[in-house]
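*Asks:* Let me begin by handing over the structure; questions about it come next.
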Amino acid sequence: MAYNPRMSMAPPQPQQSRQRRKEEEAAYANMRLPDREIVGCINELGIPFTLADLQKPNPIQVQMIFEWFGELLMNKTRQTVDPAMRAAAEDVCGPELGEAMMPSDTRNLLGFYVSLRRLMLDCGVNDFSFNDLYKPTHDRLVRMLSYVINFVRFRESQTSVIDEHCNKAEQTKARIEQLYVENQNMEAQLEEMRHNRRAMEVLVQEKTVRNEELKKRLLELRRSQEKVAARLEDAKTKKGELAAELEEKTATKIALKQESAKLRPYVLQSPSALQASLAELSNTLNNDKAHIDALDRRSRALQTSTDSFSVVASDVASCIKLLEEIAIELAKEEEENVKNARQRDALTERGANVREVERTEALLKRQLAKWADRTAQLRTQSQEKAQKAKEKMEELRAVHRKLTEERSEKGKDIERRRVRIEQTEKKMLDLKENIENEVHAAHDEYLKMEAHIKLYITEMEQAL
């Protein structure tokens, strides 16, 4: 049995490069624009350009044309990349040697070349190099301008789709920024309300401590007031009793004086009787004196009690005044309690507002999450649409490549047929010339034969 060595599955690399080169040449054959059309498009952009400039390109003019295309398609020029390139030069060489070692024109051109190379890759030019800007040639310039102009035409045909996606992205971004600003404002408002709440809680705690102290002092003053009121009632009761007893003794004294006035006539009757009456009256007088002395002592005691009562009354008045002040303090405390209650209600309302703000914040966070999800969905959808557009673009490119191949094949077939037709026409012309030559030769032979026949007939006639 014959042994066949195992062959590699990967195609040889030169074959791939030749196939890719053939595809690029076929695509370029379809994408290539005439020189006059390229010159007309560049003149429409406002840049003076002629066929001579295209045949012998000038690097400065070519750089201006590509810079204009970069500004149109990417919003990038040498001026826009200047800050980044200057910062890179200063970072690499330092701020003092940056301008000396890397001039601005060179570094800006290099920075613009990087962005332009990315644009050229998107346009389909895979072998764009710095020499195309610095040392351009006619064939390379025609190829690159053809690809770029076709890309601009395709972009202008898809302007509505691009603008629609850009507008959607801008609206979503603006909405996200608006929600973020609202969230920041709500957070600042919530933090301010929390700070006010903490300050109010400190004030409420201070008011509560002061209220408790005033309540304790009020209870002590009420107990003192009750004691003083009890002592005042006892003193009033004793004073009433002593006043009643004094009135009673005074009435008794007046009655005794009236009885003595009544008994005075009887004293003048007899000495013995008078002696007896005198002794009796002396005894009664002594008793009355003693009783009067006792009453005087009792009166002085009552006066002392009255003075003490006045002192007690002044103390009671001061206590009453103190109680009035305490009542005023209590009224103020009640007002403060009412204010505290109002502040507590306001704090409760603020707490409700805080909870409402927290609920609103949670709602806004949910809405933000929802908008973020929606943004992610829109981004995903836009990516999917971009992927679909890219796939469609790839399909269109494949169709375009296929049509280009078919067109090139048809062109080759037409060329072959044209060559065949030309060859056939040439053969027909040769055959026609041969036939005409043969006809002329036959005609000449006919004329010769006719002349021979006529000569023969003439000779025959002469012979006859």
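The backbone N, Cα and C atoms fix where each Cβ goes, glycine too.
OK, TrEMBL features for this one:
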COILED    162-298  coiled coil
COILED    323-350  coiled coil
COILED    379-452  coiled coil
COMPBIAS  1-10  compositional bias 'Low complexity'
DOMAIN    28-170  domain 'Kinetochore protein Nuf2 N-terminal'
DOMAIN    282-398  domain 'Nuf2 DHR10-like'
REGION    1-22  region 'Disordered'
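On this model, are these features tucked inside or out on the surface, and what's nearby?
*Replies:* For the coiled coil (323-350), the list of distant contacts is 193, 196-197, 200-201, 203-204, 207-208, 211, 214, 218, 221, 225: same-chain residues at least six beyond its ends, Cβ to Cβ under 8 Å.
Each residue in the domain 'Kinetochore protein Nuf2 N-terminal' (28-170) gets a DSSP state, and the totals come to 107 helix, 0 strand, 36 coil.
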*Asks:* Of the residues in the domain 'Nuf2 DHR10-like' (282-398), how many are helix, strand and coil by DSSP?
*Replies:* 117 helix, 0 strand, 0 coil
